[in-house]
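Working notes for the structure below.
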Amino acid sequence: MILNSSIEDGIKRIQDDCPKAGRHNYIFVMIPTLYSIIFVVGIFGNSLVVIVIYFYMKLKTVASVFLLNLALADLCFLLTLPLWAVYTAMEYQWPFGNHLCKIASASVSFNLYASVFLLTCLSIDRYLAIVHPMKSRLRRTMLVAKVTCIIIWLMAGLASLPAVIHRNVYFIENTNITVCAFHYESQNSTLPIGLGLTKNILGFVFPFVIILTSYTLIWKALKKAYKIQKNTPRNDDIFRIIMAIVLFFFFSWVPHQIFSFLDVLIQLGVIHDCEIADVVDTAMPITICIAYFNNCLNPLFYGFLGKKFKRYFLQLLKYIPPKARSHAGLSTKMSTLSYRPSDNMSSSARKSAYCFEVE
């Protein structure tokens, strides 16, 4: 969408130089359908995750704190999906006013940063728990986890402020529709470039480097443990999980990040070709579906790595209430690896060496 603006009677009016870009009948049908599916699956799944972690597992571990906050961040975003579904179904006609435009846009931005930051902290926590289980005990406390989550929510809120400030409702004269969109003046390129780079670097590059580094070090520690304990059969599932986590994150977000940056270049007038604008505007909602659907599945994905979580989850589905007594913390395959470099380990110690347990 290439926009030129003017002000008449105090109303912001926009001319769209590529009025047909991204406006395809299949988009107006497919995307609202996908949004609806994401909404139903996401609300159901993340609500159950919150109930299981808070009421059944009693929120006793660092990992459970991060997963709970991840699910809550997803729920905040999911509540705005019906607005975006209606918006797309109405062929990008925004009927909800300027305030909801800002709130819904900020929610999308907030979820991006909060979820990515939480996944990054979760990867660091897994690294500390697995590679340095004894040294990290004093640092991996519930207080530290809760304070970290508060900081993450504040950072995500600050990163979402541009959506509150600069996302507005505009009337496009040559298509006669009202849109909820960012609009940048072509002569002021600093702001959009800064926001675009912030989204790319802070919302993807830095977190991905940290996640990749954390799980690579975990991978090396596990391989070293298997070499030391030669008589213990290798559990390749753990390595598949590590690979899946890294690839899952990368391929979920790369398409959206690429097209988001291209959209900024189009807004600035760096890209003038309407055919390119059409490709970008068509691809953007599809990449959003990929990124945020996978994002909303993350709490379930990480949770189901644990036996206790699966047991409590199935217990909840069967309407079995949580027991009054407290339970041990979240048990996952992605948690604490403890091993001794000794060939005289007991069988129980050998078993725990490769079983990831959140402490």
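Every residue, even glycine, has its Cβ placed from backbone N, Cα and C.
Here Swiss-Prot flags Cys18-Cys274, Cys101-Cys180 as disulfide bond. Annotation comment: Swiss-Prot describes Asn4, Asn176, Asn188 as N-linked glycosylation site, evidence class sequence analysis. Annotated S-palmitoyl cysteine per Swiss-Prot: Cys355, in sequence order. Summarising the annotation, Swiss-Prot assigns topological domain 'Extracellular' to 1-25, 90-98, 166-190, 269-278 and lists similarity to another entry as the type of evidence. Per Swiss-Prot, topological domain 'Cytoplasmic' is recorded for 56-61, 126-141, 217-239, 305-359, and the stated evidence type is similarity to another entry. Annotation source Swiss-Prot lists transmembrane segment at 26-55, 62-89, 99-125, 142-165, 191-216, 240-268, 279-304, citing similarity to another entry.
Contact check: the transmembrane segment (62-89) against the transmembrane segment (142-165) gives at least three Cβ pairs closer than 8 Å, residues 6 or more apart, which meets the contact criterion. Tertiary proximity for the topological domain 'Extracellular' (90-98) is limited to same-chain residues at least six positions away from its ends with a CB under 8 Å from its CB atoms, namely 22-23, 28, 83, 104, 168-169, 177-180.
Highest Cβ contact count with the transmembrane segment (26-55) among the listed stretches 142-165, 240-268, 279-304 falls to 279-304 (criterion: pairs under 8 Å). Neighbour count (other Cβ atoms within 10 Å of the Cβ, all protein chains): 20 for Cys18 (disulfide bond). Cα to Cα, Cys101 (disulfide bond) and Asn176 (N-linked glycosylation site) are separated by 18 Å.
DSSP assignment over the topological domain 'Cytoplasmic' (126-141) gives 6 helix, 0 strand, 10 coil. Cys180 (disulfide bond) carries a strand DSSP state (E or B).
The disulfide-bonded residues considered are Cys101, Cys180, Cys274; of these, Cys274 has the fewest other C-beta atoms within 10 angstroms of its C-beta.
The Cβ of Asn176 (N-linked glycosylation site) has 9 neighbouring Cβ atoms from other residues within 10 Å, across all protein chains displayed.
When the alpha carbons of Cys18 (disulfide bond) and Cys180 (disulfide bond) are compared, the span between them is 17 angstrom. Helix first, then strand, then coil: DSSP counts for the topological domain 'Extracellular' (269-278) stand at 5 helix, 0 strand, 5 coil.
Cys18 (disulfide bond) falls outside any helix or strand according to DSSP and counts as coil.
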